[in-house]
Amino acid sequence: MIVLTQQSRFITTGNAEYLFRQRCTETKLVLTWELCCISAPEDLHTQHISICLTLCLSGHIWLDNLHCTGGEKSLAECHSNGFGVSDCKHSEDVGVVCTQKRIPGFKFIQNQGLTVQVEDVRLRATYSQRKRIPITEGFLEVKYGGKWRQICNEEWTEKNSRVICGMYGFPGEKRFNARPYKLLASRRKKNFWGFSVNCTGNEADLSDCKIGREIKRKGNSTCEQGMPVVVSCVPGRAFAPSVSAGYRKAYRLEQPLVRLRGGAMIGEGRVEVLKNGEWGTVCDDNWNIRAATVVCRELGFGSAKEALTGARLGQGIGPVHMNEVECSGFEKSLTECYFNRDAGCSHEEDAAVRCNIPAMGFNKRLRLNGGRNPYEGRVEVLAEKNGSMVWGTVCSDSWGTMEAMVVCRQLGLGFASHAFQETWYWQGDGSTDAVVMSGVRCSGTELTMDQCLHHGKHILCPKGGGRFAAGVSCTQTAPDLVLSAQAVEQTTYLEDRPMYALQCAHEEHCLSSSADKADPSSYRRLLRFSSQIHNNGQSDFRPRAAHHSWIWHECHRHYHSMEVFTHYDLLTLNGTKVAEGHKASFCLEDTHCDEGIQKRYECANFGAQGITVGCWDTYRHDIDCQWIDITDLKPGDYIFQVVINPNYEVAESDYTNNIMRCRSRYDGQRIWTYNCYIVTPTSGTNDKFRETSHFSMTENTLLDIFFN
């Protein structure tokens, strides 16, 4: 007979190991640290696993095919193959992330010097403040022993308040008028928690703070020299409830030095830093929750929930500006922290963060209905109609990927996977068929649909709602295409090609309009180049159209999986377009991949098309349409621009890196292409062409949306 007992321990990484003690009647006591494995990790979300992040170690795998109902007190009580019966490898070791909230009635060991352990924490707003969004001020209460309790403020400090504000998504604390709270507290029955709290101010959560001295509970006489703790927080710009001119003046936007990219949710992303006018990433060596919290607060969020390493939110481009970052937690910017300038890192080590954000109730005004799972469905919004709030649909005219992106972000469902203009196959509630929102046009940066341009109360939707209502499907990961500027710069050249050899390209509109009247024996001057397009995202880039709907082109004798995959343009120095070209994707495939990554897509034999994460697709300079027709171009200085996925036909985690620009000089016979770079939304640089990004909105524009 084997008797198993279990105890758990937490280590500094936040992972949990499980000690299984095996005791046999015939043998001595044996202690081994071991792991649990689930052979079907895709079912992880349906399993109520009662452990926290398992640490990968060598040794046996004790559990396989684990099935729990959620009510078990130990993993040993869950159904499995049996202890030690497994066909798993350690690459399948499973882990989970636990919430800070605890099961009601959970018994904590409370000793002075240990960290705070309570079931839940809340800010209880006064009645007059409860309708404000977000709630920034109120009595602080902790749930302990199944009951909500106040904390005595006799030993409460501003550093404690700073930690609480960070937990609730606010970058800092502020002073408040204590008089109404004293009056209110005197009229209420008090139920104090039995300890004070000691925070240093740089903790990410109350559970990281130490327990202070024990408070003697004497009914209403407890905390005689004080009152229940009240916390008041300052919201970040994007979440501010006030839009007054004074508020805007106080928060006049300066050039940001830090930004987040590639995140699926509000307040998360890869950390990028601006240095000498160029955005770069941060290496994950020594990256921790303290440095991540500095980033979050700097950007107007609260403390960090997670400090992510290993390019978990995608790989960046450009230089790695910072390495071995060390922060005290009180810096106003990540750039004030100590760091090593000699990076020695690759983008596989890019650091990222997930920040606490305020509870804005975004998901209460929008929902998906009729889908097969919670990540898809017909879009329905809550709107005022005839004096009451009703649910209705969104007109699908002009509905596209950008609008779907905002919907998925508002609902906390990640990125958009598809935008649908017909939803007849999703049976929604017939009472919500009426269109309550039309003319929706989003840039993709908005936090909610309300911030997008739309018709307001004047609904105009010729197709009507019902089967033509807008719909979306969402996903937690997305691709991210980036063009190699170096490859373009190194392969650019001119070719004079006879018109009779360009008939197929002419049919596909790859020549300028003057070619329509050109003599077959005439020549066209072509600016040729190669394009190497990398997928730096977290999922494969796939054409939106399925195989059966690809378009066949008889002349070239191939299918187009995307009619417009890239735009090629020559611009004057003031931004006027003088020559253009475009490239359809007749073959999206993995030309080359990073070491250790297997190619998945090959166009041969009508195979599946796409670009795998960590791979790139190369369109060589010597194939049709890989050019700009400059036959009619006058000599001079120009801007050469390439835009990938220009119509946002396929969702990406970051569209702001889809544009490449070069300087070009043409003397009538030769062309020079130099200083190629990926355009990013950087304001305030000397290069005015960087400010006219094809897609991205500047932060000033974003603030205007928030405030107007």
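Glycine too: its Cβ is placed from the backbone N, Cα and C atoms.
As recorded in TrEMBL:
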DOMAIN    2-99  domain 'SRCR'
DISULFID  C68-C78  disulfide bond
DOMAIN    121-234  domain 'SRCR'
DISULFID  C199-C209  disulfide bond
DOMAIN    258-356  domain 'SRCR'
DISULFID  C327-C337  disulfide bond
DOMAIN    366-475  domain 'SRCR'
DISULFID  C442-C452  disulfide bond
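The sparsest Cβ neighbourhood within 10 Å, among the listed disulfide-bonded residues (C199, C337, C442), is found at C337. For the disulfide-bonded residues C78, C209, C327, the greatest number of Cβ atoms within 10 Å around a candidate Cβ is found at C327. In the predicted model, the domain 'SRCR' (121-234) has a mean pLDDT of 87. C209 (disulfide bond) and C452 (disulfide bond) are 41 Å apart (CA-CA, integer value).
A gap of 23 Å separates the Cα atoms of C209 (disulfide bond) and C337 (disulfide bond). Recorded residues C442 (disulfide bond) and C78 (disulfide bond) have their alpha carbons 48 Å apart, per Cα-Cα distance. C199 (disulfide bond) sits 17 Å from C327 (disulfide bond), taking the CA atoms of both as reference points. Counting only the Cα atoms, the space from C327 (disulfide bond) to C78 (disulfide bond) is about 43 angstrom. Between C337 (disulfide bond) and C68 (disulfide bond), the C-alpha separation comes to 45 Å.
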